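Heads up, the thing below is written out as structure tokens.
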């Protein structure tokens with residue numbers, strides 16, 4: 001168990017405090033309120049690594065095997081549709097997410113330096129942002145297919161590559177602003193340092209801007225994009241008459257639902273944590289304990305999105321369903 005920072009006055013203004021026992025008779029007259037401030041520290045709560053590490057290993061193996069299988073299925077035929085190309089990129093991004101899981105596993109047994117903390121943060125947020133951008137791209141492609149007649153040409157394939165490079169660069173740019181403010185900090189009572197946002201070295205406005213920009217650009221605006229374009233698609237499909245419209249609607253709803261189910265809770269608590277770090281929400285031990293416990297857990301659950309997309313493909317692939325059911329019948 002690791003101890004967090006106190007909710008009252010800080011005992012030491014330096015980011016790496018010493019742990020010598022205070023002498024109550026030297027240079028200072030300790031009263032009851034000072035003693036209360038020393039002993040009433042908010043103790044951070046975290047899951048035991050005996051629980052977290054096995055879950056991460058299982059998730060890592062599942063994502064690797066599942067996405068390798070899905071990647072081979074998608075590459076069996078020539079890639080002619082942009083939706084297939086996006087699914088391939090999702091598989092590759094899931095392998096990048098596996099690197100995030102490896103960092104999380106190692107973090108439970110090793111002490112990261114500030115440079116490694118920044119690298120870990122970049123890897124994690126590039127995975128998150130690129131995953132969100134791919135879902136938005138898939139949404140836009142579906143909207144184009146429903147509302148317009150889009151031809152598959154060589155020029156379009158060049159555009160796919162250009163869009164992919166642009167989205168990767170944008171994901172790196174957005175992740176860098178988060179990583180630049182992360183440091184390896186050893187707080188009062190901690191056995192070893194951990195990767196944290198060091199708000200003491202930054203202004204309140206900068207802390208707030210980082211918290212808001214990451215959540216707005218990474219979640220709220222893409223979510224608004226999904227709601228508008230998928231809403232237009234659903235309205236168009238609902239009025240149309242063709243056999244496969246139910247399958248298309250089911251696919252769209254599954255992709256959006258899976259993303260909201262996996263990343264939605266993490267972004268909500270991350271936004272609250274940003275407001276707390278910036279001082280816009282009054283600190284309390286119960287709130288800090290809840291955020292300290294739930295954010296790593298929800299981050300782990302969010303990374304499960306890379307494995308759940310395999311199930312989305314299975315549920316939406318009628319050919320695979322027929323083969324699966326025929327195997328059960330035998």
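Keep in mind that glycine also has a Cβ here, set from the backbone N, Cα and C atoms.
The model shown is predicted, which means the values in this text are computed figures rather than measured ones.
Swiss-Prot lists transmembrane segment for one of the ranges 16-36, 121-141, namely 121-141. Looking up the ranges 189-209, 210-230 in Swiss-Prot, the one annotated as transmembrane segment turns out to be 210-230. Using a 10 Å radius centred on the Cβ of residue 117 (disulfide bond) and all shown protein chains, the other Cβ atoms total 21. Residue 117 (disulfide bond) carries a helical DSSP state (H, G or I). Of all Cβ atoms in the protein chains displayed, 20 besides its own lie within 10 Å of the Cβ of residue 195 (disulfide bond).
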